[in-house]
Amino acid sequence: MPGETITLQVGQCGNQVGLQYWQQLATEHGIQSDGSSTPYPKDINDLQLQELNNSGSSPQSYPQQTKPNGKYRNDHPELFFTLSDSNTYTPRSILIDMEPSVIAKSTSALPMFNPRNVHLSNQGNGAANNWINGYKYGTEEEETLLNLIDREVDKCDNLSNFQLFHSVAGGTGSGVGSKMLEVISDRYGHKKLLNTFSIFPSNEDTSDVVVQPYNTILTLKRLIDYSDATFVFHNDSLNRIENILFNNNSNIQHDDNDLFLGANKLIALVSASVSNPLRFPGYMYSSMESIVSNLIPTPDLKFLTSSIAPFSTQKHNYLNEYDMLLELSNDRYKTNRVGGDTSYISMLNYLIGYNLDQREIRKGILKSQQRISFVPWVARSVLVVHGKKSPYLKNTNLEGIQVTNNTSMIDVFTKILKQFDLLIKRKAYLNRYYSSVEEENEVMEMFNESRESVKSIIDEYKACKEITYLDDDDEDDLEDGDGGGGGNGNGYNNIDDADMGI
């Protein structure tokens, strides 16, 4: 049986996205805002029940739950929620912030959150968009925060992984988030997977947070050191996707708040969809680790890009499997800006729907392989997983997301490094990060180490574009692992026929 996932949502951005994420999971599993369970809809399509009941999981694999009609239900919310004796669900989530307003809105919108899992600063004045303030606060509250985590771990029968929602550019999400990465890694080591859903700042040279490059580079150092997989979401790209949505729906009236909320929903939908094969199980993946291992061939190449379609527009209502695969590979739908010279290391497509047409999928895989450039040391594998659609969702149209590992990270990190260098060269705003000569030396050392770490990842992604990438001392270690990016070299066998229901 797949293990449970514990979620940490840290800072304003992390908690705003976290709220959308839990609302999405609750909707997919028929859980109301107070944690009570909704019966299966009376008009549920027989095809939906058949798809779920034929998902391939055995009675020994999962604790089965009974439907109102006496049949077993094959969704598994217990991987992300605890179920109380009174049959109410509570997210396996810890909410952390240094000011109360966002968490107050979250707990009001979703009373199912466990109030004992909420941690707020007594001062309530935030981190002032400063990584150091957030990191120091996390250090001071380390024991309290670890107690929250340990208590949630004790509720798990088979903990599989932790996941973190946060921003890399502010104060709390970056600073406290960085500290959480350190303490979880120190406490649980590599026994448990540690994934992050990290929101990156705008690529524009100007920002409301003038110290944004400092915060970002300090956070990246911790992501490089401690995360097992980081899903990158870029504000620029999210806003571009939302603009496409609104432009395709001329009747929708919108403002900047709509774009902001829509961006959070996109992140939440991708994050929820990644775990679809676990929550609505099939044959292909039995754990988050098995999913991640298909995407990350070496520990350093762990920054992932995603794309999503459709967006509830008329244009996308009639996409078949072939069209969906091609749309997912369209750069304009990616949550991180991808240029024309990008090379792919791995690609995993989720097609979520019913009775998928294997012929259309094979055509889509072959066409994608023709269009996409892969690094030379991997097979041109375009992996496809058939995701089961929740019977609680009224929309029965085919949906899809794509997760890839690719060299667009070179441009992302180079831009961050350039912005950092411009500030540090002028020693701009450095006085915000220390108050004494001793602190200054310590902070400058952290900056130097962080810069070197980011530069090393840029070099790693550049090196992976060469055929000689694996010709080093670590080649034997890689061959012993379960890394992705390999596959079998042809698209046909990248579909699991049993999981496709064919």
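Yeah, the Cβs are placed from backbone N, Cα and C, and that goes for glycine too.
Counting Cβ atoms from all protein chains shown, GLY170 (GTP binding site) has 30 others lying within 10 Å of its own Cβ. Here Swiss-Prot flags ALA169, GLY170, GLY171, THR172, GLY173, SER174, GLY175 as GTP binding site, drawing on sequence analysis.
The compositional bias 'Polar residues' annotation in Swiss-Prot covers 51-68.
What Swiss-Prot lists as compositional bias 'Acidic residues' is 473-482.
Here Swiss-Prot flags 51-73 (among others) as region 'Disordered'.
Annotation source Swiss-Prot lists region 'Disordered' at 473-502 (among others).
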Sorted by sequence, non-ALA169, GLY170, GLY171, THR172, GLY173, SER174, GLY175 residues with Cβ within 8 Å of centre, GTP: GLY11, CYS13, ALA127, ASN129, ASN130, TRP131, GLY134, HIS166, SER167, VAL168, VAL176, GLY177, ASN215, THR219
DSSP-derived class (H/G/I helix, E/B strand, else coil) of GLY175 (GTP binding site): helix
Count of other CB atoms lying within 10 Å of the CB belonging to GLY173 (GTP binding site): 32
